[in-house]
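Structure, as structure tokens:
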Amino acid sequence: MEIDLGANAFGIDFHPSQNLVAAGLIDGHLHLYRYDSDSSLVRERKVRAHKESCRAVRFIDDGQRVVTASADCSILATDVETGTSVAHLENAHEDAINTLINVTETTIASGDDNGCVKVWDTRQRSCSHEFNAHEDYISDMTFASDSMKLVATSGDGTLSVCNLRTSKLQSQSEFSEDELLSVVIMKNGRKVISGTQNGNLLLYSWGFFKDCSDRFVDLSPNSVDTLLKLDEDRVITGCDNGILSLVGILPNRIIQPIGAHDFPIEDLALSHDNKFLASTAHDSMLKLWNLEEILQGSNGNSGNASGAAGDSDSDNDGMDLDNDLPKSSKGTNRKTKSKSNTLDSTNNFFADL
């Protein structure tokens, strides 16, 4: 299934229980589409959410609301059933917001173009944490729920680990000499995988973040713009050549191609039942791929490991180390301040309209 959105979509997300997918567009609109296995995508709602591009979208509150983040520095919560604005924070960040993720049932995190990460408590309607670990845009984030740690990647070529229990930056990688564009946690929390601009996948062992423990180079030279975790051993990659691929991690291998767009991939999402994969690219198309059909028969395809070593290394993966933050390889001091519950009037999220 596919549909022309009429404009490029920067962010997509599936409803947590219904056959509904949301897309945030470059023109500031939010689209909601209903889908079914036997029919095409049908648009249910179109909302003018932001003055500038809508860069990220996430369903919250069990799918009752959808939150969007924008280049206009604002965050908006919209009621899914009615399309009306529920809450609006006009100055959520000082810079354009680039990424947005769900953290817990009652918190979300946003990252902006200047390297700032904020965590928002949707019950208290306020910003609970702020981290300024990076010198360039936040490209992607993921969350380790068992340890309450937020992992972020940046265009400054580093990866950071922020501890939400202590409200401190716990660890930061050395400069990788390449932009880090995407990140997922795999292998039951033992490995962090980051996609880069030069097409390499960097594998970090949990607790050893200063430098990667492994590299997978078979996707190079196509930048890995987005990563989507399928399970603990497999990840779906979206590259700037428009190709979606299923990639195995430790042993590292390209298992099979999944699909393609004519232009670079922008975002990926997985439906609530893991049946459909959604993809957007710079071609204004939203495509839904039936993963059950595509992956049928691939489970037995072990393939040959290539580009890196097997499922073992010398790191003690169960440890939380790297407490001493590295100095910037760029020769400038990194800002590592964090704050909790030090809010002003602009951080009053979900204020009723």
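Cβ coordinates come from backbone N, Cα and C, glycine included.
Across the repeat 'WD' (90-130), DSSP helix (H, G, I), strand (E, B) and coil residues number 0 helix, 25 strand, 16 coil. Feature annotation from TrEMBL assigns repeat 'WD' to 90-130 (among others).
Secondary structure counts, DSSP: the repeat 'WD' (131-172) has 0 helix, 25 strand, 17 coil. The repeat 'WD' annotation in TrEMBL covers 131-172 (among others).
If you look at the repeat 'WD' (258-292), the same-chain residues 6 or more away from its ends with a CB under 8 A from one of its CBs are 1-19, 21, 23, 33, 35, 37, 41, 223, 225-228, 230, 236, 238-246. Taken from TrEMBL, the feature repeat 'WD' covers 258-292 (among others).
Taken from TrEMBL, the feature compositional bias 'Low complexity' applies to 300-311.
The feature region 'Disordered' is assigned by TrEMBL to 300-353.
Among the features that TrEMBL reports, compositional bias 'Acidic residues' is placed at 312-323.
The feature compositional bias 'Polar residues' is assigned by TrEMBL to 339-353.
With helix defined as DSSP H, G or I and strand as E or B, the repeat 'WD' (258-292) counts 2 helix, 21 strand, 12 coil.
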